[in-house]
Each structure stands twice: as C-alpha cells, then as structure tokens.
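**Q** So that we are looking at the same thing, I have put the structure below in structure tokens.
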Amino acid sequence: MVGSHKASGVLLVLLVVMATTIANGTPVVDKAKNAATAVEDTAKNAATAVGGAAASVGAKVSGAKPGAAVDVKASGAKGDSKTDDSAAFAAAWKEACAAGSTITVPKGEYMVESLEFKGPCKGPVTLELNGNFKAPATVKTTKPHAGWIDFENIADFTLNGNKAIFDGQGSLAWKANDCAKTGKCNSLPINIRFTGLTNSKINSITSTNSKLFHMNILNCKNITLSDIGIDAPPESLNTDGIHIGRSNGVNLIGAKIKTGDDCVSIGDGTENLIVENVECGPGHGISIGSLGRYPNEQPVKGVTVRKCLIKNTDNGVRIKTWPGSPPGIASNILFEDITMDNVSLPVLIDQEYCPYGHCKAGVPSQVKLSDVTIKGIKGTSATKVAVKLMCSKGVPCTNIALSDINLVHNGKEGPAVSACSNIKPILSGKLVPAACTEVAKPGP
C-alpha cells in the first residue's frame, strides 16, 4: 500500500515540476530527481514507523506485560486439597520474581509438599492470598532449621494473607518429638521461614498446627508483621509461635498466639525489635532467649515489648540464659504496659535455664544482662512467686529497673512475693509484691 502511494506521489510531483519548469525555463531533469528523492525518503520513514508500531503490538500480544499479575492457577495449581501444587507455585514465583510483579492465589486449599520462594528478584514482589495451604501429615525429618514454606533473600516483598491459613498438620510430629530425651529438636520443618528479607511486610496470615516452630525470622532487616495468628494446642511440643534471630528492625504489631511453647522467642543477634499488641496464651509467654547455648552468639540489643496481654501461660515476660555459657550480652530491653491473667511466674529472669538437664549445672552463665526496664506490669499470678530475678553469679545483672508493678496471687500459699539473687534492682513507683523479699532459687 505504501508502494502505490509512493508511485502516485512521484507522478504528481513530476507533473508539477514539469509545468513549473516550462514556465520558468529551469531544467526538467534536475528538478524531477530532487522531487523524487524527497518523496522516496518520506515513504521510507512512513514505512519504518508503521513497521515499528506493528513490532510493538506483536511484543505485547506474544508475551506477558512486565509487572502483570501471575495467577497461580494459570501455572497449573488445583487448590483441591489433594493435588501437590508445589510445582505450580514454583513456576508462578519464577515468572513473578523475574518481572517484579504480583502472584494471585484464588480461593482453595493448596496442598504443597514444600515451597521455596527465593530471590533476589527484579523488583518488588507481592503475594496476594485468598486461599489456604496444607502440609502433608506424614512426619519427615529435614535438615536443621528447614522450613515447610521458605521466603529467602527478597527485598521489598509484600505478603497479603487476607486471613490465609498455613496448616502444618503437626499432630503426628508432636507424638514423635523426642526433644526431652535427646535435646535435638531441629529435625522437623518450621511452618514458615523468613530468611534474609529486607524492607518487607507480612500481613494477615495464620499458622496452625506446625510440626516445629510456626514462624522463624532470621537475618532480616526492616520488616513488619501485622495481624498474625498462631494456633496450636498446649500439647504441641517445641512449637514456638514466632522466633526472631539475627535480625535488625523487626516490628511485630498485632498478633494472637496460642501454642505449646514460647509465644514469641527472641534469639541472639536481635536488635531494634518492637513487639506490640500481642495476645499470648496458652503457651510459655514472651521470652528473650534462651541465650548462651552456642558459641559465637551475637548480642541482643534494643528490644521493646509493650501493650500485650498474656493469659494462662507458664511464664509471662522472661529472659533466659544457659549456665556454663560462653560470654554474651543482652541489653537495652523494655517490658512495658503488659497485663497478666492467671500467669505462672509473670516476670522472670532465669540465668540458670537448663531444660531436659542438657547443661553444665552449677557453672555460672556468662551472658551479661544490663539496662533492663520492667514497667507497668499488672494482673494476676498463678504462682506465689510473681517476680523472680535470678541473675548470674559470674556476671551479675546491672541497671535492672522495676517500676509500677501490681501482681496479685490469691492462692492458698498466701500473697504474691518477689524473689531475687545476684541483683540490686533500681526501684520506683508502687511495687506489688515488694521487690526482692525472698532469695531466688532454681526451679519453677
């Protein structure tokens, strides 16, 4: 079509030139050549423009637009609670990670053997969930600290759960758990692992019946978890709700946790952590530690736990370190505005923590605790000892402040008491029970 327009144009120009030449006496051949060249260049430019437009349209038709959402069902997922959808999720992640886009998960129950969502990715990635996940019920040992579902080395990641449930089906695993005999508790999968995430958000997900820990946050920086649910019965052994370690700038804002171990456990290398508006119970409370079990542990610094409700748990807020430990540090810690409801040992520092007898009993812990503030703690204690501060003989606690504590016990043993060892706390405000009226001893 361009060719026919080109020929018509050339003929028209030649006629005009010839007429002008006859009138002005200018050589016809030179004028005609110049006119023909101009028309040909115009035609080439037009053809190039048309061809470029066609190529662009072809690219859009033949390939997915960068950043477009990837539907996991388009990648082959069934969501029928029976088919293993692991391969479909892997394919969807590969596509979304390469483009920096969103994965959408429609309603359904997705059975997955295991999943690995690994970066780095080309750009920010969002996982938008409207379905639930279910693990196999069978018990399989894994490499230490492995996860059922892993998110690893991703920046600017968002997980919008929309109340999605990750069901680890752990009841058979709890029966097979032999931690009490061996002290080895890491051969079962963690429900969800977040490793090496930066500038990321985890919103509105629930982990149920994990075979081991529910969530593990390791080597992360600047991530926020909100509207988190953890649900497992009290008999689920070693099912810490959310464990945080070797991470900086983690914010846990809003969680309801019921489990068989610590609701929140804070491991070595944790810095600048905020835990806020957490409801905990049943479980073992909110704990820093245990620390000092392994060599080369990193300091814990800048931990704030505030505005929490702890109910029907074995402990409230506590710091626990192993006797006979290598040197370590935990400092700049704040427990504030926390309500206890029928909690055993609501406030506890235990530097002789020795579960299952796997420790060097009688050898002082070398983890130094300092600059700890325990403020605004109120409610009821299920045990007569409501505050127990048992620090290390080797490196006694320093700058431990107690302020505005009101914990009551209505049992047959009498009113609540406070027991201390190797510590001279800084006291302020009203303290019930009165501080350090008894000597702290190992044991519950």
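From the backbone N, Cα and C atoms, a Cβ is placed for every residue, glycine too.
Given the structure is predicted, the values throughout are model-derived calculations rather than measurements.
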**Q** Could you check Swiss-Prot and say which of ASN24, ASN222 is marked as N-linked glycosylation site?
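**A** Matching ASN24, ASN222 against Swiss-Prot annotations yields ASN222.
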**Q** Could you tell me which of CYS397, CYS436 is bonded to CYS420 by a disulfide, according to Swiss-Prot?
**A** CYS436
**Q** Tally of helix, strand and coil residues over the repeat 'PbH1 3' (270-290) according to DSSP?
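**A** Helix/strand/coil tally for the repeat 'PbH1 3' (270-290): 0 helix, 15 strand, 6 coil.
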**Q** When DSSP states are grouped into helix, strand and coil, how many residues of the repeat 'PbH1 4' (300-321) land in each?
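**A** Across the repeat 'PbH1 4' (300-321), the residues distribute as 0 helix, 17 strand, 5 coil.
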**Q** DSSP-wise, what's the residue breakdown of the repeat 'PbH1 2' (247-268) into helix, strand and coil?
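**A** In the repeat 'PbH1 2' (247-268), the DSSP-based counts are 0 helix, 14 strand, 8 coil.
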**Q** Taking the Cα of ASP261 (active site, proton donor) as the centre, which of the recorded positions listed as ASN222, HIS284, ASN342 lie within 10 Å of it?
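**A** HIS284, listed in sequence order.
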**Q** For HIS284 (active site), write down the residues of its own chain that are at least 6 apart in sequence and whose Cβ falls under 8 Å from its Cβ; none is a fine answer.
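**A** In sequence order, ASP261, ASP262, CYS263, THR313, ASP314, ASN315 meet the Cβ cut-off.
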